């Protein structure tokens, strides 16, 4: 719009006052100091809780990182993955693709929420708790520091039937998986960097057993690795809790060993192994395998970006009183 040169200041003031709020009313404006005045102990409470939990259960960091990813990739970082199923609704966490999300990850968020409700009730969203806890846990196990901007609201919907097609599966191609990342604004390089999260944590045998047994067994798995996995997973059909570390070399340390492993045939999931096989992703795997600093820098930037995907503003969400329930229990 062009205004005549002789337009009065009143006209300009009118445009600012009337038009601007209509554009930005529901947009979440995130900033690192969001709780500085309303919940000044936020950082301290989160940090102390994750220190205690990680010491008690060393797989908490990997589980929480995975939970954060699954939350953000389905309609944004809004803590919808934390909602429990009720008689009115089957929630995201109970879809088959989410049934292996670890209980320790849900537990740390609930612990922090309880502590925050005592310190500053009704102020901090569960979405912000999950984002902050993820960063603190990643750095605690050796990963890079990255800024977490805060001010997300908790989502008002959690539907199990929406999970499939929005969360990557281990038997998908690089092209299909990148399609999900691209939909959320991520480049191929960022996808590979975020895949490096598999340097910590574990996967259940059912997620990779098809690479081990029968006529379709993958001949490109390191033979000794394959033998050990076959022995580990031999009873996985009767015990679906059996799991293997994603990074067999340094499973509890956030480093670039995941990428080094891929070059040695030590990738656990089929989708991991494809990153070194596909010509479009192989250069990034080779870069990160030889340059941990490059991996850490790219991972940190990608995590900052992940934390902004689909965030909800004041008109689109709420601050839940409990992270596993909407404030309106009939939703």
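Each Cβ is built from the backbone N, Cα and C atoms, and glycine gets one as well.
Note that TrEMBL annotation is computational and uncurated.
Small disclaimer: the values here were computed from a predicted structure and weren't measured.
Some features that TrEMBL has for this protein:
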ACT_SITE  70  active site, proton acceptor
BINDING   199, 247, 250, 255  Ca(2+) 2 binding site
DISULFID  39-120  disulfide bond
DISULFID  72-77  disulfide bond
DISULFID  126-323  disulfide bond
DISULFID  205-233  disulfide bond
SITE      66  site 'Transition state stabilizer'
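In space, 247 is the closest of the binding-site residues 199, 247, 250, 255 to residue 205 (disulfide bond), judged by Cα positions. A distance of 28 Å separates the Cα atom of residue 70 (active site, proton acceptor) from that of residue 120 (disulfide bond). The separation of residue 126 (disulfide bond) from residue 77 (disulfide bond), Cα to Cα, is 10 Å.
Spatially close to residue 39 (disulfide bond) yet at least six residues away along the chain are 116, 119, 120, 123, 124, judged by Cβ distances under 8 angstroms.
Shown are the disulfide-bonded residues 126, 205, 233; the one with the most C-beta atoms within 10 angstroms of its own C-beta is 126. Shown are the disulfide-bonded residues 72, 77; the one with the most C-beta atoms within 10 angstroms of its own C-beta is 77. The Cβ of residue 120 (disulfide bond) has 16 other Cβ atoms within 10 Å, all protein chains considered.
Between the C-alpha atoms of residue 255 (Ca(2+) 2 binding site) and residue 72 (disulfide bond), the distance comes to 23 Å. Non-local contacts of residue 66 (site 'Transition state stabilizer') by the CB criterion (under 8 A, 6+ apart in sequence, same chain) comprise 101, 102, 105, 197, 201.
Cβ-based neighbour count (10 Å, all protein chains) for residue 199 (Ca(2+) 2 binding site) stands at 29. Neighbour density for residue 323 (disulfide bond): within 10 A of its CB lie 21 other CB atoms from the protein chains shown. Spatially, by CA atoms, the binding-site residues 199, 247, 250 include one closest to residue 323 (disulfide bond), and that is 199.
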